[in-house]
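The following features are taken from TrEMBL:
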- Cys333: active site, nucleophile (ACT_SITE)
- Cys333: active site (ACT_SITE)
- Gln207, Tyr237, Glu258, Asp306: S-adenosyl-L-methionine binding site (BINDING)
- 1-29: domain 'TRAM' (DOMAIN)
Amino acid sequence: MVPGVIPGEKVVVKIFRNFPNYSEADLVEILQASPERTVPPCPIADACGGCQWQHMSIPLQREWKTRLVQEALQQYGVAYDEIQPCLGTDETLHYRSKLTPHYQQPAKSKRGVNNEKHVEAIGFQKQTSRQIIDVTECLIATPAVNAAYQAARDKLLSEPSTKKKGATLLFRQANLDDDYVESDHKVFLTTVVDGLKFTYRAGNFFQNNYYVLPLMVQQLVAQAIKGDQMTHLADCYCGSGLFALSAAKHFDRVVGIEVNDLAIEEATSNAVANSISNVEFLSASAEGIFKVIQDFPRETSVVVVDPPRKGCSEEFLEQLYTFSPQRIVYMSCDPTTQARDAAGILKAGYGATYIQPFDLFPQTRHIECLMVFERNRS
């Protein structure tokens with residue numbers, strides 16, 4: 001897509017880069033607008049790289065997210081019966097509980113005296129470059145996060161800076177019913193998801209749309225336990241234990257593995273805090289989990305996979321195929337790498353039984369997608 005354009009619209013564009021199979025262009029003029037075009041609520045939506053789809057209606061955004069999952073699967077020849085419509089909530093603005101704005105190296109300016117340097121802009125990268133666009137308010141962040149950001153922003157912009165480099169700031173809200181916002185990466189926060197408490201360092205990974213997150217957890221757990229015959233679960237890339245602990249009451253034994261030592265400390269503490277005793281967490285690469293679960297019964301075992309954007313390594317997938325669990329539940333933030341891995345999973349003797357995209361980040365092109373694979377009985 002050309003940024004700011006909806007497929008089917010008649011537009012004038014300016015091409016600035018050509019490739020063998022496509023060109024990149026900027027929007028110049030809209031000659032015939034789509035009926036799904038909306039006026040972006042943010043005044044800098046056309047320039048800011050934080051949101052890409054504010055010019056599209058929410059139903060169309062979700063339709064396209066479903067379509068992008070479909071196109072990725074088709075690209076890799078992945079066979080499936082159907083894709084569920086992209087699942088989201090009514091909260092499509094003011095939903096982000098975490099904000100990480102940036103500023104570039106402070107520079108001399110007209111405001112400075114005696115060679116003082118000042119921060120000139122705080123915000124996010126532009127859509128078309130790495131330059132920082134000044135953002136006074138982020139409309140997809142929660143009101144509490146915006147208030148904390150604006151207070152810190154006013155202070156940074158008004159005072160001379162002694163910093164020699166730019167920086168990335170952190171503003172994180174633990175729960176929607178508490179306006180407290182943390183800016184120290186090392187401070188612990190506790191977020192409640194479906195009645196369970198998850199404590200983690202503010203700078204560590206934890207999903208930041210608390211409206212959609214419970215839906216994702218509920219869907220993943222429902223698919224993991226479907227049929228009521230599953231007894232063992234392995235959670236790869238388990239982070240601070242969100243999926244493993246949420247599913248634990250449905251299984252005899254659960255093992256989670258994560259390469260981040262600090263996340264494993266958090267996951268272990270979260271198990272104790274929630275009085276969950278049938279879960280074991282290990283600090284190692286995802287490939288290391290298969291040595292630990294060799295005694296898991298394959299016919300009643302589920303492997304949950306939630307890798308980073310790059311997807312699973314070939315080494316991990318080969319070990320997964322050799323282990324051959326009855327069910328694989330794969331959550332991904334990148335439909336392309338998920339589709340690539342799905343193609344290999346199908347070749348290893350599995351069928352895709354369920355596909356559910358999530359609108360975790362409304363107003364943006366980012367997609368979270370759940371895929372479930374069942375081992376073919378033949």
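Cβ atoms here come from the backbone N, Cα and C positions, even for glycine.
Nobody curates TrEMBL annotations by hand; they come from automatic prediction.
Fair warning: this is a prediction, and the values are worked out from it, not measured in the lab.
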How far is it from Glu258 (S-adenosyl-L-methionine binding site) to the residue listed as 'active site, nucleophile', counting Cα to Cα, in Å?
-> 17
Which numbers of helix, strand and coil residues does DSSP report for the domain 'TRAM' (1-29)?
-> 0 helix, 16 strand, 13 coil
Rank the binding-site residues Glu258, Asp306 by the number of other Cβ atoms within 10 Å of each Cβ and report the first-ranked residue.
-> Glu258
Other C-beta atoms that fall within 10 angstroms of the C-beta of Gln207 (S-adenosyl-L-methionine binding site) | 19
Cys333 (active site, nucleophile) versus binding-site residues Gln207, Tyr237, Asp306 - nearest by Cα = Asp306
Per DSSP (three-state), Asp306 (S-adenosyl-L-methionine binding site) is coil
Excluding Gln207, Tyr237, Glu258, Asp306 themselves, the S-adenosyl-L-methionine site's Cβ centre has within 8 Å the residues Phe205, Asp235, Cys238, Gly239, Leu242, Phe243, Pro307, Met331
Are there residues of the same chain, six or more positions away from Tyr237 (S-adenosyl-L-methionine binding site), whose CB falls under 8 angstroms from its CB, and which are they?
-> Ile257, Glu258, Ala286, Val305, Asp306, Pro307, Pro308
